[in-house]
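What TrEMBL records for this protein:
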COMPBIAS  1-13  compositional bias 'Polar residues'
REGION    1-21  region 'Disordered'
REGION    212-463  region 'Disordered'
COMPBIAS  237-266  compositional bias 'Basic residues'
COMPBIAS  267-316  compositional bias 'Basic and acidic residues'
COMPBIAS  325-388  compositional bias 'Basic and acidic residues'
COMPBIAS  389-403  compositional bias 'Basic residues'
COMPBIAS  404-429  compositional bias 'Basic and acidic residues'
COMPBIAS  430-442  compositional bias 'Basic residues'
COMPBIAS  443-463  compositional bias 'Basic and acidic residues'
Amino acid sequence: MANVGNQLPTQAVSKPPSGKHGNVLPLWGNEKTMNLNPMILTNVLSSPYFKVQLYELKTYHEVVDEIYFKVTHIEPWEKGSRKTAGQTGMCGGVRGVGTGGIVSTAFCLLYKLFTLKLTRKQVMGLITHTDSPYIRALGFMYIRYTQPPTDLLDWYNDFLDDEEELDVKAGGGCVMTIGEMLRSFLTKLEWFSTLFPRIPVPVQKAIDQQMKARPRKVAQKEPEEEAEFTESGRQGERRHSRTPRRTPSPKRSPKRSRSRSHHRERDRHGPSFDRELERERDRQRKERDGGRDRERDRADRGDREKRRSRSADRNREHKRSLSGSRERRGERREKERDGAEDRSRKKDRDHHKDRGTERDRSRDRKSRTENDERRHKEDRDRHREDRKAKRSSRSRSREKRHKGGAEEKSRKRDRSHSRERERERDGERSHKRSRSKERSRHQRESSNEHSKHGERRRSQSTE
């Protein structure tokens with residue numbers, strides 16, 4: 001047994017062997033969302049606490065101090081900010097989706113730790129912190145969300161029997177130890193109104209087998225507390241007993257018979273001791289009976305008081321119900337009166353609205369008729385002006401036509417006179433040319449005749 005006790009602290013200090021070697025931790029799953037529920041993640045990223053206050057924290061130690069001062073539970077939502085009553089199936093109260101609420105500071109700080117990319121040494125510092133159990137709880141939750149499922153048991157194994165207590169529920173009322181919380185992390189998928197990342201089936205079976213093979217340790221009382229308890233018990237016995245003080249006898253083995261011990265004590269002390277024993281037994285019986293009677297009287301008194309309080313409560317509730325019913329009746333009457341008044345007001349308003357609408361309609365009709373008349377008058381005037389303009393343009397075009405015709409006639413006359421003159425000139429020129437041609441012909445003919453006559457003379461002379 002001594003060897004086992006010496007091995008436990010060495011295992012608690014040792015680091016898990018799996019994962020990357022050294023101080024860098026591997027991240028399992030989604031490296032942007034930390035495997036958080038989408039609704040929780042959106043509420044964390046949109047919360048002013050995360051965007052304004054936690055944005056100013058840049059170091060690991062500042063975030064740890066913020067956890068120490070601000071975290072009072074490790075539930076994902078604040079108390080009363082999310083209504084999940086009557087929701088079943090795929091609703092928000094069961095699957096962790098749907099309408100969100102006010103996200104808790106614990107999960108805001110958990111995601112802030114994820115943004116810092118913690119090392120193995122820093123995570124070990126979180127889960128072994130001595131100032132606050134909530135710092136340790138957020139460290140274990142960081143491991144549950146970011147580490148591979150095969151490494152979870154190596155991280156949690158040395159802390160499954162940890163007896164440090166913390167209240168995990170928003171508003172209080174759910175106190176558990178670190179060991180119980182880690183067992184729920186390993187064996188259950190749900191955590192209040194959200195879900196942890198799923199563990200593969202073979203890994204989950206191995207974890208369940210190890211959990212069954214490892215029973216929970218029962219907290220034993222320390223020897224100092226037992227000594228104080230025995231001393232207080234002895235002092236009480238001294239007060240009540242009238243027998244002389246005796247030294248405490250050692251523990252008797254169960255195999256030893258009572259008759260032998262009784263005879264030995266009788267031989268030692270004699271008959272006076274037997275009488276004192278009988279008197280002491282009688283006194284103890286009486287005290288027991290008296291204590292029982294007192295307890296019965298107290299119980300009877302308590303029952304009577306409870307009955308009286310119940311009757312008083314019933315009377316109060318009856319009076320309250322009566323007063324409440326009266327108030328309800330009065331409220332109903334007032335509501336009916338108010339409803340009747342509202343109805344009458346609505347009727348009057350509707351009547352006035354109808355009148356107003358009729359007046360507006362009549363005004364619109366008058367304005368429309370006036371506008372139509374104005375348009376007709378304007379159209380008539382335009383037609384008249386157009387007609388006048390057309391008439392004037394026609395008369396002007398006629399005048400222009402008359403003037404242009406006379407001018408054209410004179411121009412045509414001039415042109416015809418000039419053409420006749422040119423023709424006459426051309427005729428004279430052609431006549432002159434014909435005369436000159438005839439003259440040239442006569443001259444040629446005469447010259448030809450003279451030449452022929454000369455040749456004839458020559459031929460005759462030769463003959």
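Each position is counted from 1, following the chain as shown.
Cβ from N, Cα, C; glycine included.
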Using DSSP, what's the helix, strand and coil tally for the compositional bias 'Basic residues' (389-403)? 15 helix, 0 strand, 0 coil
Long-range environment of the compositional bias 'Basic residues' (389-403) - Cβ separation under 8 angstroms, sequence gap at least 6: none
How do the residues of the compositional bias 'Basic and acidic residues' (443-463) split into helix, strand and coil according to DSSP? 20 helix, 0 strand, 1 coil
Could you put numbers on the helix, strand and coil content of the compositional bias 'Basic and acidic residues' (267-316), residue by residue per DSSP? 49 helix, 0 strand, 1 coil
